[in-house]
Amino acid sequence: MFKFALTLTLCLAGSLSLAQHNPHWWGNRNTIVHLFEWKWSDIAQECESFLGPRGFAGVQVSPVNENIISAGRPWWERYQPISYKLTTRSGNEEEFGDMVRRCNDVGVRIYVDVLLNHMSGDFDGVAVGTAGTEAEPRKKSFPGVPYTAQDFHPTCEITDWNDRFQVQQCELVGLKDLDQSSDWVRSKLIEFLDHLIELGVAGFRVDAAKHMASEDLEYIYSSLSNLNIDHGFPHNSRPFIFQEVIDHGHETVSRDEYKDLGAVTEFRFSEEIGNAFRGNNALKWLQSWGTGWGFLPSGQALTFVDNHDNQRDAGAVLSYKSPRQYKMATAFHLAYPYGISRVMSSFAFDDHDTPPPQDAQERIISPEFDEDGACVNGWICEHRWRQIYAMVGFKNAVRDTEITGWWDNGDNQIAFCRGNKGFLAINNNLYDLSQDLNTCLPAGTYCDVISGSLIDGSCTGKSVTVNENGFGYIHIGSDDFDGVLALHVDAKV
């Protein structure tokens, strides 16, 4: 009997963790966008007017819980909780719930960035949060939850990143480190996440996951409610979990400890794709992209060119500040069948602490758009760049197909098919790509969705005529505005 019960428990745990890798996308949609620091009312409108019609699968939103108010309102104040009240500069609980409902209604899922590792860092005196709640972080007193000093690990600093104890029980950049093994802390975290599930979210991005013991997270995840069927989720659906674990391959706390609990952010993907498209590694080597590069298995990897943290760091990572290379890297990211894809939607920044666009009263302002739909008032909105949202459509069109017909010039010109549904070519050399290539597509004329669109039966940009053998003449000039060309069956004239 004991053996049967143990087997049943292990089977249930395994099925729960497997279910936590399912992002619950509608239809053939399969790309998440991070609308970093957007207001809830603006996200709701964006779901209805742009994301839904363009085939985006979901939105990662900024932290929803009350946070400390920091001078100048830097973006990172959102990562310093004061309570679990749903009031931030993005809006209140009513506005959040309205956004979730409206986005779900048009097939766009919501994933919340959640802070389970810590509360706010030190603050002189009494800190006031975005919902008006008072706290004394230096005393580890957070009455809005409530938490007291006994709910935290003893104060210590991380000085040795190879020391598991320090990484998981000391304070990350001075943030008060919660004790997730405590029954009270677990209950408050589960209560917070369950409230968001009741409001209709599809899952969570777990910030600083590597700073929490995997067994504590496993307990918390397995204790969560199923997703709310009133928002279109099937019965017994589990929340999608993706966890921030920075692992460059030599970490004491490894991504492998978390990959079975949910997806894991594959930071090596971001670094290596930046290296390649900056010219530090020939694109020809991308043929074995994915697990061939030592990355996580595809279904366990949350992939991205950049995120809100590493776009602010020096190094190989590409961001909107290198637009030509960034668009090529994003096209490859969305065309190559590896990982659970997320694209970034940023605001402009000059330094690490730049706040989101705000008015004189430090209220976040709504994005404004020009006649082409691009953002103009401090919001970058990469997801509205034609070269990026067109590749979201490409990714939808080729879903469930594999790479075929890989071609390269032995250097930085590459091309490949996705079954017989799509074709991508990239030129990162300083000379033209001019070649008859096998597109694997049925005969006909196709619009290049990078340089233009299919409108009223004609292409506004380049077009490629494919013959009966699937071949077409591909030209990407070294000085073309974009170094990439993409064709797919839904853009056939």
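A Cβ is built for glycine as well, from the same backbone N, Cα and C atoms used for every other residue.
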- Query: Of Arg238, Arg278, Arg342, which does Swiss-Prot put in the chloride site with Arg205, Asn307?
  - Reply: Arg342
- Query: Among Asp105, Asp177, Asp179, which residue does Swiss-Prot annotate as binding Ca(2+) together with Asn117, Gln168, His211?
  - Reply: Asp177
- State the disulphide partner of Cys417 as given in Swiss-Prot, choosing from Cys440, Cys447. Cys440
- Note on the structure: Mapped onto three states, the DSSP assignment of Cys47 (disulfide bond) reads helix
- Determine which residues of the same chain, besides Asn117, Gln168, Asp177, His211, have their CB within 8 A of the center of the CB atoms at the recorded Ca(2+) site, and list them by sequence. His118, His153, Val167, Gln169, Cys170, Glu171, Leu172, Leu178, Gln180, Ala208, Met212
- Message: Suppose the chloride site is Arg205, Asn307, Arg342. Which further residues of the same chain have a Cβ inside 8 angstroms of that site's Cβ centroid?
- Response: Ile32, His34, Gln60, Asp113, Phe242, Glu244, Thr265, Leu302, Phe304, His308, Met344
- Message: If the chloride binders are Arg205, Asn307, Arg342 per the record, what's the largest distance between their Cα atoms, in Å?
- Response: 12
- Task: Around the Cβ of Cys447 (disulfide bond), how many other Cβ atoms lie within 10 Å? Please give the count over every shown protein chain.
- Result: 25
- Item | Intrachain C-beta neighbours of His211 (Ca(2+) binding site), sequence separation six or more, cut-off 8 angstroms | Asn117, His118, Val167, Gln168, Leu172, Asp177
- Query: By CA distance, which of the disulfide-bonded residues (Cys375, Cys417, Cys447) lies nearest to Asp309 (site 'Transition state stabilizer')?
  - Reply: Cys375
